[in-house]
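If you look up Swiss-Prot, you'll see 1-16 marked as signal peptide, on the strength of sequence analysis. Annotation comment: Swiss-Prot describes CYS42-CYS131, CYS44-CYS60, CYS59-CYS111, CYS65-CYS138, CYS66-CYS104, CYS73-CYS97, CYS91-CYS102 as disulfide bond, evidence class similarity to another entry. Taken from Swiss-Prot, the feature Ca(2+) binding site covers TYR43, GLY45, GLY47, ASP64, and the record attributes it to similarity to another entry. Per Swiss-Prot, the feature active site maps to HIS63, ASP105.
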Amino acid sequence: MRTLWIVAVLLLGVEGSLVQFETLIMKIAGRSGLLWYSAYGCYCGWGGHGLPQDATDRCCFVHDCCYGKATDCNPKTVSYTYSVKNGEIICEDDDPCKRQVCECDRVAAVCFRDNIPSYNNNYKRFPAENCREEPEPC
């Protein structure tokens with residue numbers, strides 16, 4: 001059900017950050033964020049709670065925290081400008097909100113790439129009832 005919700009949200013806004021985030025993950029990690037990370041662990045997907053289960057789930061936890069620090073904007077819908085140079089994402093907006101959201105997405109995409117070796121299929125479609133621990137602060 002959580003995966004279907006993510007698909008619906010992604011299809012609603014063609015220009016929003018969630019679609020751009022999917023594109024960045026594909027460019028940097030070489031994987032579809034929707035297929036690999038939309039329902040992984042306690043934090044990858046819509047919402048998050050408990051403790052991150054591994055390094056990949058921690059990427060999502062940090063991304064959630066980063067979005068939470070984006071002030072005066074909606075990180076899930078704002079569009080930003082970026083380029084790819086030598087395999088690296090360069091966030092190009094002068095607007096503080098757009099730049100911050102782009103940086104959140106860039107850091108998460110790099111984190112996913114760097115943690116591909118530790119990706120654990122046991123955390124795919126991880127039951128929410130396994131994420132009941134007290135969350136750590138951002």
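Any Cβ shown, glycine's included, is placed from N, Cα and C.
Keep in mind the model is a prediction, meaning the values are calculated, not measured.
Checked against TYR43 (Ca(2+) binding site), the disulfide-bonded residues CYS66, CYS91, CYS97, CYS104, CYS131 differ in C-alpha distance, with CYS131 being the nearest. For the disulfide-bonded residues CYS60, CYS97, CYS131, CYS138, the largest tally of other C-beta atoms within 10 A is found at CYS60. A 10 Å radius around the C-alpha of CYS44 (disulfide bond) takes in these recorded positions out of HIS63, ASP64, ASP105, in sequence order: HIS63, ASP64. Secondary structure from DSSP puts CYS73 (disulfide bond) in coil. Long-range neighbours of CYS104 (disulfide bond) (same chain, six or more residues apart, CB within less than 8 Å of its CB): HIS63, CYS66, TYR67, ALA70, PRO75. Taking CA atoms as the reference points, CYS111 (disulfide bond) and ASP105 (active site) are 10 Å apart. Closest by Cα distance to GLY47 (Ca(2+) binding site), from the disulfide-bonded residues CYS59, CYS65, CYS102, is CYS65. In this structure the alpha carbons, written CA, of ASP64 (Ca(2+) binding site) and CYS91 (disulfide bond) are 19 Å apart. Looking at CYS42 (disulfide bond) and CYS138 (disulfide bond), their Cα atoms lie 15 Å from each other. Of the candidate recorded positions, GLY45, ASP105, CYS138, the one lying closest to CYS73 (disulfide bond) when CA atoms are compared is ASP105. Residues TYR43, GLY45, GLY47, ASP64 make up the record's Ca(2+) site, and a Cβ search at 8 Å around their centroid adds CYS42, CYS44, TRP46, GLY48, HIS49, CYS60, PHE61 from the same chain. There are 19 other Cβ atoms within 10 Å of the Cβ belonging to GLY45 (Ca(2+) binding site). The Cβ of HIS63 (active site) has 23 other Cβ atoms within 10 Å, all protein chains considered.
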